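Asks: Next up is a structure, given as structure tokens.
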């Protein structure tokens, strides 16, 4: 149990008043002062914060007032209560590095006692340098509360309280004068103000009428330095000054080169971690220990005529990971987790690029993970470099290890992805990237450059102000969509201009919330975009398949910036629909974890994602063709701050292609980031992800819904699987983006007898007996949690039917065991699933690894074994568990579908049966269950009272089987046997069930598919399923979900 107050701790590593070469350290009762001949800082003994910084006699911070007038200092959004600014008495260290240069370090570590998490800040002054080298460390060790929360924000701030600083500089082309503190401000949305009434403010006259810190956001790819500039008009000596944050390393940031974040306003930021623009955050779980940095706060000065550009260039010379490498090696002993040069190497090589590739870049990042989401491993690192004209690249000082390589370039669709690339020595690597293509390109809109900046109000300069900032940087409400597109978007390929005729945001409606220029929302001609194009007969000749590919630069779903906690909102996953010539329609549900505030926060490059719409080329025609791209009408989100409530997407680019014979017609699209929604209900997918259903027809009154062609669903699944392999997605990604279950009408068009049989049989398959209160035993059933931890209701017996993990690692398994062990249920039964490769002896023998035993704590782990559960009063239940499923892919615990011996070990007196997979045709979407298992149950003399399984996520639910003629007929139909005759039998039995309770004599078995994290078109959130058993009679009673 931790105390309820903050504990201030420090390690005194060496404190003295000394002078080594040009460095001097002094102290008094309240401060330590560290200085060289030009630069000095004062550090408060009470909290370790820098409260004074002086360069050449000029005060850079001003007086201390709260959190102003100090820095760099550290804070975070990381505690259960929210933000925390740590502070503790610091320790000083000193020494001489390998070059003979002296240094002094200030180390502050503070512990948040109620959670036992720590923040540490390390600041070093070296020799005659006029700046501070900064590292930050976060730890969380707390076995009693394994998961604390996400690390929402972590940042260091240089926060002056002085009028010295006259200008901001975000990047080389984005700078301007600071707004005056006296300027009248009108709040127009969260963190955004209108200053235009004060026309003599230099910011207003030169840069913009609106101010928000998001205007000064920069993308990490080319970013080197940002900060404050003083033009000399406010300095004591008339000289110019600069305060800069230098990105000399970027390996410990997240999100790769596509990440963008705040850099400067009245504060010089170092945003180490944030959720801005949909960026993911790492989770603080027991054992989290990560050091970020180094970065370098540099302070410089020049004569009265020195320009901002000159001081900026002086700081930018340090933006190299090779700068000061010897120094960082020397102080590594003071910096936990920092890897010195002995553990680093140079990653170099050559890329054979597709023709036409511009601005190619190579990225090293967390293995087997999209670099935009590289927060899952606490030691995740990232590096990137531009690829030159010859295809060569060099990345110095890479920590040795195994990485994912990602390559992308302007003008080229898709990505090159290769996992398990070992960076150990300095050997050259060679990669060959072939552009994705499905045939001959018909048309292209936009440039695939990972941003929506080329469209209206994107990168084009705002010529109304002398400094001409890019339009997207300015408050979005300035650009009135109804005025720009009074008739909506109607874009004709070959005639329209992308810079004028497509907006940088595709709204579901144009909002008035957060828009001080409009009192009412505008709905007309907003959510549907129309793209028209002409085709000739020769372009269509001998074509079979068309593919329309869309790449998004960002999307705003109802989930907002939340990544791992799906919101139960209607448009959590955002549907984007393409209608082709009014005769074909397909919907892409944009997953919630790609959502973020992008366009409304002055962004054109956020979470990139893409999708291919594949359809029959026969839907295209000679002459005029029309695509309608639709967001649901009036799709909204709930906003707790003053922000627009309209959902949107922003498109990167689009392309259309056709091919002959058996090859496909490819239509690829890259457009501005836009989002759309539709009538949706929630359902839980892998890792607790909430998804949505297909849109209801009434949401799109002008779009018809044709009966799909036979085989269309299989074809789309195949294409999406193929796409996932090309892009190096994880199994999780593929599952999350797989096709939805079709509607009853769609299934009826494809297989009328089977669909009718499913409907009729389903009407009577969930009836349960009325509940009594005598000797009740509650069984709580879950399965396929895949690292998630759903809320579990109270009960007597907890059953987990496998797939506890996603990747099958020991670390993942231990976390799930820890979670299940903490549950209060008397008995906790667990089996493995096909994801638990760590537990499968055969899997390890085939892959050259050795299986290690697990500590199951209070859990009863069954692997083709039984256990007796003593319920008291002479009542017992026998439970048998098996992890095995029919062969499918390369998972664990699999057997050939032709094997008839697997289920012979089930004891005849089994009361509770737990298998990972279902018997075929029962709670078995896609008919992937086991026919042999089903037959084994038929042959048992005394069938189980309860059978719990998972594996088939879309089959979630419960069913009562009575082992009767009705069930025989239904199963025969599902197996394709005498379908018409068995359908008649099924109707006959269904009529009888209207009048008789077929479960009254206890012959029935309750089947439960408890897959909590998914389901193809099952539209309810996955909770545990409960079944009550009357212990004395061993009869099931009504249950709960």
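The first residue you see is number 1, and the count goes up from there.
Even glycines carry a Cβ here, placed using N, Cα and C.
So Swiss-Prot has the following annotated:
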- 707-720: compositional bias 'Basic residues' (COMPBIAS)
- 28: N-linked glycosylation site (CARBOHYD)
- 94: N-linked glycosylation site (CARBOHYD)
- 116: N-linked glycosylation site (CARBOHYD)
- 142: N-linked glycosylation site (CARBOHYD)
- 231: N-linked glycosylation site (CARBOHYD)
- 283: N-linked glycosylation site (CARBOHYD)
- 528: N-linked glycosylation site (CARBOHYD)
- 634: N-linked glycosylation site (CARBOHYD)
- 864: N-linked glycosylation site (CARBOHYD)
- 703-728: region 'Disordered' (REGION)
- 1-21: signal peptide (SIGNAL)
Asks: Any idea what the Cα distance is from residue 864 (N-linked glycosylation site) over to residue 528 (N-linked glycosylation site), rounded to a whole Å?
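Replies: Given the Cα positions, residue 864 (N-linked glycosylation site) is 55 Å from residue 528 (N-linked glycosylation site).
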Asks: How big is the Cα-to-Cα gap, in Å, between residue 94 (N-linked glycosylation site) and residue 28 (N-linked glycosylation site)?
Replies: 18
Asks: Can you give me the Cα-Cα distance between residue 634 (N-linked glycosylation site) and residue 283 (N-linked glycosylation site) in Å, rounded to a whole number?
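Replies: Pair distance, Cα basis, whole Å: 34 Å.
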Asks: At the Cα level, what's the spacing in Å between residue 283 (N-linked glycosylation site) and residue 28 (N-linked glycosylation site), rounded?
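Replies: Residue 28 (N-linked glycosylation site) has its Cα 41 Å from the Cα of residue 283 (N-linked glycosylation site).
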Asks: For residue 116 (N-linked glycosylation site), name the DSSP secondary structure in the helix/strand/coil scheme.
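Replies: Coil, per DSSP.
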Asks: Are any of 28, 116, 231, 528 (the glycosylation sites) within 10 Å of residue 142 (N-linked glycosylation site) when you go C-alpha to C-alpha, and if so which?
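Replies: Close glycosylation sites: 116.
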Asks: Please determine which of the glycosylation sites listed here (528, 634) has the lowest count of neighbouring CB atoms within 10 Å.
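Replies: Fewest other Cβ atoms within 10 Å, among the glycosylation sites 528, 634, is found for 634.
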Asks: Which residue, out of the glycosylation sites 28, 94, 116, 283, 864, shows the minimum number of other Cβ atoms inside 10 Å of its Cβ in this structure?
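Replies: Sparsest of the glycosylation sites 28, 94, 116, 283, 864 by Cβ contacts within 10 Å: 28.
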Asks: For residue 231 (N-linked glycosylation site), write down the residues of its own chain that are at least 6 apart in sequence and whose Cβ falls under 8 Å from its Cβ; none is a fine answer.
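Replies: Listed in sequence order: 166, 167, 240, 308.
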Asks: Within 10 Å of the Cβ of residue 142 (N-linked glycosylation site), how many other Cβ atoms can be counted across all chains shown?
Replies: 18
Asks: Taking DSSP three-state, what's residue 864 (N-linked glycosylation site) in: helix, strand or coil?
Replies: coil
Asks: Which of the three DSSP states, helix, strand or coil, fits residue 94 (N-linked glycosylation site)?
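Replies: SS state of residue 94 (N-linked glycosylation site) = strand.
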